[in-house]
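Each remark here refers to the structure printed beneath this line.
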Ligand code: ASP
């Protein structure tokens, strides 16, 4: 990575707050292509910082960030916590299992409580689609959606795009634009906020997106969002440049959606033999948590020259640093960031 690649490209987006004129980050659906590129470019400086021994910046010193997680998380919660701390903020995690939510408090009352504590940013994960938007309406600070039900997981899509950009650059491609790339997303598309956010993000960056799932796990009408729909995994893989595998979201399923994990693996599991049907050198991605032997085989998940799964995790910290930094600029009085739409 050269120094110039690490710096935001001033010519690609409007100056100051107009580069990202949003108070909150609720979904990729609210973003323009140049706003996505802006966040990706902003994240490059944090990728660089995170690769050094001294990983600290004090840009958010004195600010309080609350991570309010109403659903389980490993990667997202940890990386938001690390991101906030590396930027110098005070970070507090609220786990719903240990909170008054268990005592019957409503989401709105929880939001009002968090607001009264004068948080400077609130990061929320919730099992209901739209819950983060509801909270954003009730609080005075930026809200970042860390996954709301089946709806969106915007920072996941951004980190996926950043990981892909880095992998492409290492192969000598520009990585700035995904035009010409075919990306196959396979798994439980119906229940996946990752699939939805990625579809929006990858298409905005120019990629062709194929979605593959058994009919019962494919949302009806998804073609209207521009996706190519497949039920045959081999056909969906044919010539693809990137294969993104998704877990079966059993916690969101009521009833039986697949005959058995064994049969699912037979039809939709990514094995080395199956990967050979994708394009030469196709990259493998997975947002985690993985169920090895179900949607992906271990030898594929760990393929050193093809799998960028750990790279996705690395980029997650940098992306979340970029989002926290950008969204708090107005409150911090950063020059040019006073006005937000
Ligand atoms: N970690 C991702 C999410 O929170 C994917 C998954 O759980 O399967 O949506």
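Along the chain as shown, residues are numbered 1 onward.
A Cβ is built for glycine as well, from the same backbone N, Cα and C atoms used for every other residue.
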Per TrEMBL, member of 51, 125, 262 binding carbamoyl phosphate alongside 75, 76, 153, 156, 288, 289: 125
Neighbouring C-beta atoms (10 Å sphere around the C-beta of residue 288 (carbamoyl phosphate binding site)): 17
Inter-residue C-alpha distance, residue 156 (carbamoyl phosphate binding site) and residue 103 (L-aspartate binding site) (nearest angstrom): 31
Cβ-based neighbourhood (8 Å from the centroid) of the carbamoyl phosphate site, residues 75, 76, 125, 153, 156, 288, 289 excluded: 73, 74, 146, 147, 194, 287, 316
Listed binding-site residues adjacent to ligand 1, that is, members of 103, 125, 193 whose C-beta is under 6 A away: 193
Candidate nearest residue 103 (L-aspartate binding site) in space, where candidates are the binding-site residues 125, 288, 289 and distance is Cα-Cα: 125
Residue 247 (L-aspartate binding site) versus residue 153 (carbamoyl phosphate binding site) - Cα distance in angstrom: 15
